[in-house]
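These notes are about the structure you will find just below.
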Amino acid sequence: MTVMSSNDIKYRRSPRISHLPQKHDDYEPLEVGFNGASFSGAVFNLSTTIVGAGIMALPSTVKQLGLIPGIIMILMGAALTETSIDMLLRFGRASKTATYSGVVADSFGGFWRTLLQICIVINNLGMLIVYMIIIGDVLSGTWSDGVRHSGVMEEWFDQHWWTTRCSLLLFTTVFVFAPLISFKRVDSLRYTSALSVGLAIVFVAITAGVAVVKLIEGTIGMPRLMPEVVDQMSFWKLFTTVPIIVTAYICHHNVHPIENELKDHTHMKSIVRTSLTLCSSVYIATSFFGVLLFGDKTLDDVLANFDGDLGVPYSSLLDDVVRVSYGVHLMLVFPIVFFSLRLNLDELLFPFATPIAYDNRRFFLITLALMGFIFLGANFVPNIWDAFQFTGATAAIAVGFIFPAAIALRDMHGIATKNDRRTSWVLILLAVSSSTAAICSDLYSIFTSDSGIKS
């Protein structure tokens, strides 16, 4: 590795500049022969950022909303996400900044930049803890409503010390996560991201195949097309679905890192559109066939539905394939989300330091601290879905909707169109109303269940 000169070491970066080594920066290249990321690699990386744990919660969301409103909401989420990302990219170029936080700082100053970075760190940390917990559930099993759901490793090899939850998560961290999170360029993850998207499609294909077979046999019927509102609580509960849909499309924190490494930055808009089209197609197919297959029995995490007899030949084998493919999918999603988490935490703690990719000591310490926190959280957080809903109703909505809309309304460079301003107000009103309703509904559910237990 080339040793940096004293002038390089003394270099201090403005918070406007990316914490990533860009394609044309003043430092030696991290990878010999790297000449910028390709279109396909960027599409897979952005798509993998989007398709994470949200895919498992969407069938339950569509069941609650009804098939027609649910699919409309998924499409609307994709359209609003594309608009918000487009505004971020345009205002980033106008302000000559290479990071999301730099765009916010240009519009509102350092305090709001820090607040955005905190939101991204909270959102990504919460997501990664959820990912690791689900991986533990898949491999080692879990308890739900007093019922033991065995993991695939326990089913295959019985119970041993090395099939316990803590052991399996430790092995996954050391032998899977550690190598993948050591890359200093997001483009280095393009192959694992492609595999991750492929595994998500495998899940959709199996779900669709089983649903079609059972539909032909006449053992299942068409799902409910519209929501079932029986009282005031069921009406307000519909709003809790919005944060889940918003969380399912959160990728804003990785847009600039991916753009910074492109061979041609003008392709970024097409990359965003291609990724959102791919992901929304996967989401719609998963939701439709998941609700068609399981109906009103669709669980909050549809993966839990693949824990018994599906009523088709080779049901046990299909259950295992679904669970293993999704567990590996999450393992490959983990490093792409971790990448932006590390960048934003570093930018939050060391805003004027040299890029983290060129400071091995800082890179190692931050990576080790974050992985330690995530590992402990995955082993000791009692209820992931309450945390998931609160994170989606606060930090995720702020990152995906509120900050991009506020930047367009502020319009420091006079480039916002009338459509930008109209869309921005829609984003903010939707974000605030749905977030408030979701938080209130979640709190009501928690306190109701607590009082029920006490009584």
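Heads up, the Cβ atoms here are built off N, Cα and C, so glycines get one too.
Among the features that TrEMBL reports, domain 'Amino acid transporter transmembrane' is placed at 37-418.
Sequence-distant contacts of the transmembrane segment (66-89), counting only residues of its own chain at least 6 positions beyond either end whose CB sits under 8 Å from a CB of the stretch, comprise 58, 100, 103, 223-228, 241-242, 245-246, 248-249, 251-252, 255-256, 259, 268-269, 272-273, 276-277, 279-280, 283-284, 287-288, 291, 400-401, 404-405, 407-408, 416, 420, 423-424, 426-427, 430. The feature transmembrane segment is assigned by TrEMBL to 66-89 (among others).
Residues annotated as transmembrane segment in TrEMBL: 110-134 (among others).
As annotated by TrEMBL, transmembrane segment applies to 162-183 (among others).
If you look up TrEMBL, you'll see 195-216 (among others) marked as transmembrane segment.
If you look up TrEMBL, you'll see 236-255 (among others) marked as transmembrane segment.
The transmembrane segment feature in TrEMBL is assigned to 276-295 (among others).
Here TrEMBL flags 324-343 (among others) as transmembrane segment. Residues 19-20, 45, 48-49, 51-53, 56, 120-121, 124-125, 127-128, 131-132, 134-135, 138-139, 152, 172, 176-177, 180-181, 183, 186, 189, 192-193, 195-196, 199-200, 202-203, 253-254, 257, 303, 356, 363, 366-367, 370 of the same chain sit 6 or more residues outside the transmembrane segment (324-343) yet have a Cβ under 8 Å from a Cβ within it.
Annotated transmembrane segment per TrEMBL: 363-381 (among others), in sequence order. Same-chain residues lying 6 or more positions outside the transmembrane segment (363-381) and placing a CB less than 8 Å from one of its CB atoms are 125, 128-129, 132-133, 136, 165-166, 169-170, 173, 177-178, 181-182, 184, 338, 341-342, 345-346, 349, 356-357, 387.
Marked as transmembrane segment by TrEMBL: 387-409 (among others).
For 425-447 (among others), the entry in TrEMBL reads transmembrane segment.
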